[in-house]
Amino acid sequence: MGFHHVGQAGHQLLTSADLSKMKVTLSALNTSESSFTPLVVIELAQDVKEETKEWLKNRIIAKKEDGGAQLLFRPLLNKYEQETLENQNLYLVGASKIRMLLGAEAVGLVKECNDNTMRAFTYRTRQNFKGFDDNNDDFLTMAECQFIIKHELENLRAKDEKMIPGYPQAKLYPGKSLLRRLLTSGIVIQVFPLHDNEALKKLEDSWYTRFALKYQPIDGIRGYFGETIALYFGFLEYFTFALIPMAVIGLPYYLFVWEDYDKYVIFASFNLIWSTVILEVWKRGCADMTYRWGTLLMKRKFEEPRPGFHGVLGINPITGKEEPLYPSYKRQLRIYLVSLPFVCLCLYFSLYVMMIYFDLEVWALGLHENSGSEWTSVLLYVPSIIYAIVIEIMNRLYRYAAEFLTSWENHRLESAYQNHLILKVLVFNFLNCFASLFYIAFVLKDMKLLRQSLATLLITSQILNQIVESLLPYWLQRKHGVRVKRKMQALKTDIDATLYEQVILEKEMGTYLGTFDDYLELFLQFGYVSLFSCVYPLAAAFAVLNNFTEVNSDALKMCRVFKRPFSEPSASIGVWQLAFETMSVISVVTNCALIGMSPQVNAVFPESKADLILIVVAVEHALLALKFILAFAIPDKPRHIQVKLARLEFESLEALKQQQMKLVTENLKEEPKESGKEKAT
């Protein structure tokens, strides 16, 4: 069974009769099926008590009206197999076809109708949707099915339980998510979706197994991994092709060593227009894709407190529900008295390391000038290579510290946690990666050293990222896979161990932590390409070469190195769009300043430096104005998408009006009856 995930759209309004029909259908579902397609695995700790297991099982299979999830649930191994194989406390979760369809309605999946419009799926109107057939199990992708199961498990709420049975220290309160409490208490180790090996093989064959220049199967990636990951790969592909014009135009500048400032003005101006246009065009393409997938129509749901959030139990004034409350002033104190000073200290340490790097550069240059040998000319690149490696190490260490601090700040919502984490990481990474280049450009004013440092930092960081993110994890995963297969071959048993082997292999895989690091890598690459484009025009060419291999290594990582992540709906690349736009604004300022500092430009204004500064600032302001005019002139959504969204909004309002009119009519019919009764009295 499969699924194309999407959000709420069209706001089809359910009547009470529709809701009662859904309840009737749900109550008739059988949750005792012993054989079903396993979609999600739950791993419990080895020492979990039997009463806890039984309680968890009953809550998962119980009917919705009784506070359960009404899903299918069984252990990976039966009693006989547990005696033969090592018992791993692993359980499989699935759902019947009808349960999935009702779940699709509950989470607000949007699907394409027979009239080519996108609407929120409802079980009652299921025959109106393209590709739906009562005998067809492929209407929903496997990724969507797994998302529905995750949603249902996360929405298992405590009723009147005060604690998890068998664990008095694991306190519960009405409305608390049971899965989150089980995870934070260490009773549940992990919950992960299973790979579909046949579908995965088909996706790999069309994606990365043949090293050819071709478009990625973005819709296939979305069908298997969900919208968030599909959007990352879509953006990676788009960004790579968008870099090609910059690479082509930059090659003559590098090969012919042009030094005339007027040529660099042309290149820098093109860079400005290019960086603005590609980001605006991406927004349009992204809107087109996410409308087709349905996520553009998704409405934001009220966010639950994040799993790590803690505080004194109280009543939420907005929802009226009992949940942990934490004073905002305490969080602000933690941010401004601890987190902010720590980030500043890390930034200072980064600058200190940078000054050590410049001391090494001076030492290497002095050594080369004294000896003049070929060996010492190679040594000139060593400080930059060492510094690039140190930058990568510092970035990764700081990331752990930033995650710990942001978690300690105790943000209530996941979105607030992510925003604070991204801000901390972006500020440090920007300074750590680019501070030395700004120092060389505007303090030392050594363009030759700037070009050398930029090339070394860019190429070294790209090689290190490929090794650390993909090659090393893949090698470790292959070693683990060989060990598991040997263990399975050693078992003298008649059991069909294919599923067992798959689950054991996948549970030991690393967990994919999201697209944060992947976008960060592209963000820094965009900085190297755009900030100092007039000094090192070849940067775009190296970025293109890296990204062609990055597509394949990231695809390999998703398919073979990490566990399959749960599908997550997304309508855009989120805060990263703003980050890239901010970088493009900074690049205008740096390129104008670099051209203003060039000897050719200074020769035009030998007497008055003030006039030069005024002209550079005026040009920079004019370019920024052009940039914002372009951003305003290019609509974020194509015209046909705007029309479709407006039509859906109109239909929603009309449906709401009709429902209100129906209620008014019913009330007017009731009024004469009531007045007749009063007269009789």
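Cβ from N, Cα, C; glycine included.
Small disclaimer: the values here were computed from a predicted structure and weren't measured.
For 221-647, the entry in TrEMBL reads domain 'Anoctamin transmembrane'.
Residues or ranges marked as transmembrane segment by TrEMBL: 229-258 (among others).
According to TrEMBL, the transmembrane segment annotation covers 264-282 (among others).
Annotation comment: TrEMBL describes 335-358 (among others) as transmembrane segment.
If you look up TrEMBL, you'll see 378-398 (among others) marked as transmembrane segment.
Annotation comment: TrEMBL describes 421-442 (among others) as transmembrane segment. When Cβ-Cβ distances below 8 Å are used as the criterion, the transmembrane segment (421-442) is approached by residues 339, 343, 346-347, 350-351, 354, 357-358, 387, 391, 394-395, 398-399, 402-403, 405-406, 449-450, 453-454, 457, 461, 516, 520, 523-524, 527-528, 531-532, 535, 575, 579, 590, 593-594, 597 of the same chain, each at least six residues removed from its ends.
Annotation comment: TrEMBL describes 522-545 (among others) as transmembrane segment.
Sequence annotations record features per position, and here TrEMBL assigns transmembrane segment to 612-634 (among others).
Counting Cβ pairs closer than 8 Å to the transmembrane segment (229-258), the top stretch among 378-398, 522-545, 612-634 is 522-545.
Most Cβ pairs within less than 8 Å of the transmembrane segment (264-282), among stretches 335-358, 378-398, 612-634, belong to 612-634. Residues of the same chain lying 6 or more positions beyond the ends of the transmembrane segment (612-634) and with a Cβ under 8 Å from any Cβ of it are 269, 272-273, 276-277, 279-281, 284, 581, 584-585, 588-589, 592-593, 595-596, 601-602, 604-605.
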